[in-house]
Amino acid sequence: MAEEEQDTAPLLQIRQSAEPSVRRTGNVGTAVAHIITGVIGSGVLSLAWSMAQLGWIAGPLTMVAFASITLTSTFLLCNSYRTPNPEHGPHRNRSYLEAVHNNLGERRAWICGIFVQIGLYGLGIAYTVTSAISMRAIQKSNCYHREGHKALCEYEDTSYMLLFGVLQIVLSQAPNFHNIKWLSFVAAVMSFTYSFIGLALGLAKVIGHGYVLGTIGGVSASSAVEKAWLISQALGDIAFAYPYSIVLIEIQDTLKSPPPENETMKKASTIALSITTFFYLCCGGFGYAAFGDATPGNLLTGFGFYEPYWLIDFANACVVLHLVGGYQVYSQPLFANTERWFEKKFPRSGFVNRNYELKLPLYSPPLQINFLRLCFRTVYVASTTTIAMIFPYFNQVIGVLGGLNFWPLTIYFPVEMYLKQRKVEAWTRKWITLRIFSAVCFFMAIFALTGSMEGLLSAKLS
């Protein structure tokens, strides 16, 4: 991109330079592993609650529907990895934003970049809320174990959010993502661990009961309007748990060819989403079967489980470790994009470009301090922490994020890129089908976003 175009898009990083020599060795198996790691996260903890709002028929069907929508979107998006031909095109788009830029132009890439950065910022808020709730749950679990299940074990989560924020300020001073790549591995292991613990606890409780709770219609509400709001929040939570569009192109860029990368990616996505959907159905189903109308919003912190307390503590500790790493995994690209724009905009500024060495005792090598990095990243983390403290509501926050990001990033841009790349003529059968698909998903996302916003404001005002 020309420098004048870069100046108009500070949040957008497009790699247009000549492709470096990269040895790509990925296959279906590695792609499946990357996808599952990217999809399964803290959103799994809300699926039992979502199932409870929808009931035994609509709940599973909705999860399967979101899996089908995500898979369809994936099939469209993976064709955008190469341009102009999806299988033999000479140019590789190595990121989601680069694919949007080369297929749809600079203006829509800029709009896409805004949605991406809003989504990354929102994840920072959600991770702060979730980590604080999990840290508080550890303290409550120990209190219940020590003083009994009917004890008043109430604690504020503000101090935990501040603690999480301080830790993120320290970690965010790492110059780039390569300095913290070990966090990504730790985060992936932790996400699998607490997800399986939540599933196992739900299954054990159902076996212990000897019967299944829940109804076809889900949790009852005082009015049809209230029920509609709960359903919309459930849709937002499920929407948050599924898509992985932002990382799909990066995963595809690791694949060897032949066979064509889009063919391998379609196979891997089908396998990975089938496994994920089965896992999600088990987590949501066993959680709802164990608690029925009393299903907590967060399966590990709602205290449907009291014992074994050490296992619940361990699971919540895994949640915290996952989110500590996840916050940086998703924030570092935003840091890099913004700081790169400042460097280009103010090339002679010492505040922006100069690094200072700070030698600490018993630590080598010396730390590299950059004042722009120190100030911007500190303000960024402080802002996500502040918003999290204002809206510390797990289900509502992830519902808002799911409703906000699902349609533009998972549906709209993949559909538009496919239509443009394949040169699909207007009013043909394929054109009409994809437009209807996009429109239906748009209204569903608006419904989920509206209900989640209403739930967020109601929780705050109450």
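Glycine is treated like the rest: Cβ placed from N, Cα and C.
Annotations in TrEMBL come from automatic prediction, not curation.
Residues or ranges marked as domain 'Amino acid transporter transmembrane' by TrEMBL: 25-455.
Outside the transmembrane segment (31-49) by six or more residues, the chain places 63, 126-127, 130, 188, 191-192, 194-195, 198, 202, 234, 237-238, 240-244, 247-248, 251-252, 254-255, 264-265, 268-269, 271-273, 275-276, 279-280, 283-288, 290-291, 295-301, 319, 322-323, 326, 394-395, 398, 402 with a CB less than 8 A from a CB of the stretch. According to TrEMBL, the feature transmembrane segment maps to 31-49 (among others).
Per TrEMBL, transmembrane segment is recorded for 56-77 (among others).
With a threshold of 8 Å between CB atoms, the same-chain residues lying at least 6 positions outside the transmembrane segment (108-130) that come near it are 8-9, 11-14, 42, 45, 96-97, 100-101, 161, 164-165, 168, 246, 298, 319, 323, 326-327, 330-331, 333-334, 337, 380-381, 384-385, 387-388, 391-394, 397-398, 400-401, 404-405, 408-409, 413, 416. What TrEMBL records for 108-130 (among others) is transmembrane segment.
Taken from TrEMBL, the feature transmembrane segment applies to 182-208 (among others).
Tertiary neighbourhood of the transmembrane segment (228-249): same-chain residues 34-35, 38-39, 41, 43-44, 46-47, 49-51, 53-54, 62-63, 66-67, 70, 73-74, 77-78, 80-81, 93-96, 98-99, 116, 119, 219, 221, 265, 269, 276, 280, 395-396, 398-403, 405-406, 409-410, 413-414, 444-445, 447-452, 454-455, selected by CB-CB distance under 8 Å and a gap of 6+ residues from either end. Per TrEMBL, transmembrane segment is recorded for 228-249 (among others).
Among residues of the same chain six or more beyond the transmembrane segment (270-289), those with a C-beta under 8 A of the stretch's C-beta atoms are 28, 31-32, 35-36, 39-40, 44, 47-52, 56, 59-60, 63-64, 67, 70-71, 74, 195, 198-199, 202-203, 205-206, 212-214, 241-242, 295, 299. Under the heading transmembrane segment, TrEMBL lists 270-289 (among others).
Annotation comment: TrEMBL describes 309-330 (among others) as transmembrane segment.
Under the heading transmembrane segment, TrEMBL lists 374-394 (among others). Sequence-remote contacts of a segment are chain residues at least 6 beyond its ends whose Cβ falls under 8 Å from one of its Cβ atoms, and for the transmembrane segment (374-394) they are 45-46, 121, 124-125, 128-130, 132-133, 157-158, 161-162, 164-165, 168-169, 172-173, 297-298, 301, 331, 334-335, 338-339, 342, 455-456, 459-460.
The transmembrane segment annotation in TrEMBL covers 400-419 (among others). Same-chain residues lying 6+ beyond the ends of the transmembrane segment (400-419) with a Cβ under 8 Å from its Cβ atoms: 43, 69-70, 73-74, 76-77, 79-80, 96, 99-100, 103-104, 108, 112, 115-116, 118-119, 122-123, 126, 232, 235-241, 243, 245-246, 431, 434-435, 437-438, 441-442, 444-453, 456.
Annotation comment: TrEMBL describes 431-453 (among others) as transmembrane segment.
Sequence-distant contacts of the transmembrane segment (431-453), counting only residues of its own chain at least 6 positions beyond either end whose CB sits under 8 Å from a CB of the stretch, comprise 69, 72, 76, 228-233, 235-236, 239, 396, 399-400, 402-404, 406-407, 410-412, 415, 418-419, 424-425.
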